[in-house]
Amino acid sequence: MPENVAPRSGATAGAAGGRGKGAYQDRDKPAQIRFSNISAAKAVADAIRTSLGPKGMDKMIQDGKGDVTITNDGATILKQMQVLHPAARMLVELSKAQDIEAGDGTTSVVIIAGSLLDSCTKLLQKGIHPTIISESFQKALEKGIEILTDMSRPVELSDRETLLNSATTSLNSKVASQYSSLLSPMSVNAVMKVIDPATATSVDLRDIKIVKKLGGTIDDCELVEGLVLTQKVSNSGITRVEKAKIGLIQFCLSAPKTDMDNQIVVSDYAQMDRVLREERAYILNLVKQIKKTGCNVLLIQKSILRDALSDLALHFLNKMKIMVIKDIEREDIEFICKTIGTKPVAHIDQFTADMLGSAELAEEVNLNGSGKLLKITGCASPGKTVTIVVRGSNKLVIEEAERSIHDALCVIRCLVKKRALIAGGGAPEIELALRLTEYSRTLSGMESYCVRAFADAMEVIPSTLAENAGLNPISTVTELRNRHAQGEKTAGINVRKGGISNILEELVVQPLLVSVSALTLATETVRSILKIDDVVNTR
């Protein structure tokens, strides 16, 4: 990847030549900086081009600690890439922005930006001013969004089949694609359970918790309406509680410690016995107060200061038939409270019956020799949350399955935000190229030339899809162009059959928001890079 460009300061060179020649002499510098920025950003785009589409390749990423990640998710690849050049870093940020906005299309957005930068290079070499290129690209973008919106067809959230097709298309390019028949319905069900389809305008993905558990295969993934915890039940005798009353405490059930570092000197056995009796009475009192509220399942937040649960407290809780789960992570507390309707308690005096959540069943489930999970189901409170349990034979598979499910959830979220679909398989990009070329003929001068270059750049997506699928990119794109010129708007590359077909009939669809967001963000980034004419290193 190109190194940082250290700007040569022509001003100092000129000033050194004598007082009369204090003019800025290095005229070529802005052009050099611009080309350096473009080539650095293009290098990033070229690095992930091969991972586009269902037949795209995966990348194996090894970090400094030796941890390995296998993925073809554009945002994940770029996030872990060591990028030095500031312009190349802009493309990493671009992919991140697409991930936040749409959740899918993170590879496409970088490839489109790389292709647009390629077009910029050719236009700059022909002597066209960067500002003219930038303004023309903005015009082309506005027209492009119009074209994409015309191509789209509305979708209702009650149309379950369309939602499934969108999720399946997203999963097809992932490692977990062979499990799409399981993961697609799971993703659709998860989103539909946490929103009200009639009024929802977005989906808060924090309401869908993904729990990773090593062991089994991706086939063992499941959707649970309720709460799933990976922590073990501390008192092994109690593994099932019906009509559960669940308390969540943020204080420790162990002997109190002094605030300051004091020392207590015990001089005889009687005093020693008294200390132990006091400790026993103190803990028993805590446990009795918990039992008095009717609590029969107790969750204890993880404590970094000391043991959150002493053996003595566990003994008393066991006798009183209270199921105990300790080491609950702080970041999980909000989700737990929303799911089961409990409230976190920071002091024993506030532990009352109205702070408890309730559920039909709290049960520790054995996973065929690969550990245990605690499931709390039948929650009485209407907090709309669900949990997806992701299983896999090793850490790499589980992490990639989690990313795949996240992308599928994001696709459904896009359809909730903007209820419109367009065809996939490179069809929208070819249609854009064709219609923008027609539009460029209505413009005059340099603008027409720049819009035409923008249109040509759009062909990179179908070309890359064909290349990654082992087809001839030139003949495929040419045939696709002809089919679209004859009015077949939904003709796209069918990667499975290795040819061109009506992509809507093949059920390859994607949300309109993904394409519009990719086009908008890529164009904005390219315009930013184009306007930079100097890189200044500050102290």
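Every residue gets a Cβ built from N, Cα and C, even glycine.
Note that the structure is a prediction, hence the values are computed from the model and not measured.
Matching 1-29, 465-493 against Swiss-Prot, the residues noted as region 'Disordered' span 1-29. Fewest other C-beta atoms within 10 angstroms, among the binding-site residues G53, G105, G425, are seen around G53. With the fewest other Cβ atoms inside 10 Å of its Cβ, the least crowded of the recorded positions T106, S108, S202 in this structure is S202. Note: K302 (N6-acetyllysine) has non-local neighbours A308, K326, D327, I328, E329, R330, i.e. same-chain residues 6+ apart with C-beta under 8 A of its own C-beta. Rounded to a whole number, the C-alpha distance linking S36 (phosphoserine) with S108 (ADP binding site) is 23 angstrom. When the recorded positions G53, D104, T106, K174, S184, K288 are screened for a Cα within 10 A of the Cα of G425 (ADP binding site), the ones that qualify are G53. If you compare every pair of Cα atoms in G53, G105, T106, T107, S108, N172, S173, K174, G425, Q510, the residues listed for ADP, the longest distance is 15 angstrom.
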